[in-house]
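Participant: Just passing along the structure, written as structure tokens.
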Amino acid sequence: MDAVRAHLGGVKVQLCGLAQYANLVGVTVGYTVTASMCMGSVRRKKCLHAEDNCHVSTTIYMIIFGCIQLILCQVPNYHKLSWISILAAVMSITYSFIGLGLSVAKVAAGTQLNEGAEVTTTWPTVSEAQRLWKIFQAIGNIAFAYAYSTVLIEIQDTLKSSPAENKTMKRASFVGISTTTIFYLLCGCVGYAAFGEDAPGDLLSGFHQPLWLLNVANVSLAIHLIGAYQVFVQPIFSLVESSCRQRWPEVKFVTADHQITIPFLGGTGFHVNCFILVWRSAYVAVTTVLAMLLPFFNVFLALIGAASFWPLTVYFPIEMYIARAKLPKFSFSWMGLQALSLACLLVSLVAAAGSVEGLIQSL
């Protein structure tokens, strides 16, 4: 919002804030759904191997995830969370390699065992209209995969100025986007080679052996999402808390910190702010309840991706660049950037339409 205020101003600042913070709330709900599915998958695969038809509900795992976030949300800021960010990145690489390796193994085994066999898929049972809606949903999922744009500037704002923040962030973005693009393309292509058009929404759910490796992958994914939740929720906390301090500077409930000493640790303790404790706990509780009400993995993530992709990843960055570079209207560069923005708007609209239709069908 500060970047848009500096370059564009006016009502666009509020529109940017609405798009960004609505997206951040949606992402935290989506991560709660996804993490609970991963935790439940460990139990579900154990039942399958034991040939036990047990029912695995994700609700209890959403509550567990919420309880973990209740504790982590009391950490005051980004700087105190660097360790969990590093852990999340390691876990992300771990489950990506496992999913990729299992897909390669399935392709190799399928080539040897099913050579010359007739290939069949479930697509013939799906109408052309449903197939089109599913394609639109997939576009939304692809858009969601690059949701980092909503926290990029917030992360850059926490960097120190030597070297310059923008240079550090450009290097980090280059490494990050290159790494994720390689993994996305490999998992997408090799996953399609392994499953064809019967590919599951969650790649790991398509495998059943070896059990221990799948458990490692699902636990790694859950740990990754625990850390990712914190990265996406911190800007929300920062906005609300700074706004409340500015509006009610005299209210002790909002501004006062209380020292809590831990017995038997030589006077060691920590500071507690009552407002932060209540507000952050309430936020986690609300997002957990929303996740219970909308436990639809791919459709919900696609809707979040569709809603945030165009305004936050395309429109505002392009408009800020045009304003900063002072590009004249109807120049070649201006028309090219506007054409790109319009094309991405159409992508977001069809993805949103497919996601809403899928959500209605799921409900």
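Cβ atoms are placed via backbone N, Cα and C, with glycine included.
The annotation domain 'Amino acid transporter transmembrane' is assigned in TrEMBL to 1-360. Feature annotation from TrEMBL assigns transmembrane segment to 20-42, 54-72, 84-105, 174-195, 215-240, 260-279, 299-318, 339-360.
Buried or exposed, and what's around them? Tell me for each listed feature.
Facilitator: Nonlocal intrachain contacts for the transmembrane segment (20-42), taken as residues 6+ away from its ends with a CB within less than 8 angstroms of a stretch CB, comprise 1, 56-59, 61-62, 64-66, 144, 147, 150-151, 202, 204-205, 214-215, 218-219, 221-222, 225-226, 228-229, 232-233, 235-236, 239, 287-288, 290-291, 294-297, 300-301, 303-304, 307-308, 312.
Within its own chain, the transmembrane segment (174-195) has Cβ neighbours under 8 Å at 96, 99-100, 102-104, 106-107, 110, 145-146, 148, 203, 206, counting only residues six or more beyond its boundaries.
Long-range neighbours of the transmembrane segment (215-240) within the same chain, counting only residues 6 or more positions beyond its ends whose Cβ lies under 8 Å from a Cβ of the stretch, are 20-21, 24-25, 27-28, 31-32, 34-35, 38-39, 41-42, 45, 65, 68-69, 72-73, 75, 77-78, 81, 84-85, 87-89, 91-92, 94-95, 98-99, 147, 150-151, 154-155, 204, 276, 279-280, 283.
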Participant: Against which stretches of its own chain does the transmembrane segment (339-360) lie, if we need a Cβ under 8 Å and a gap of at least six residues from its ends?
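Facilitator: Same-chain contacts beyond the ends: 132-140, 143, 294, 296, 298-300, 302-303, 305-307, 309-310, 313-315, 318.
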Participant: Using a Cβ-Cβ cut-off of under 8 Å, list the residues of the same chain that are 6+ residues beyond the ends of the transmembrane segment (54-72) and lie near it.
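Facilitator: Hits for the transmembrane segment (54-72): 32-33, 35-37, 39-40, 43-44, 47, 81, 84, 222, 225-226, 229-230, 233, 280-281, 284-285, 287-288, 291-292, 295.
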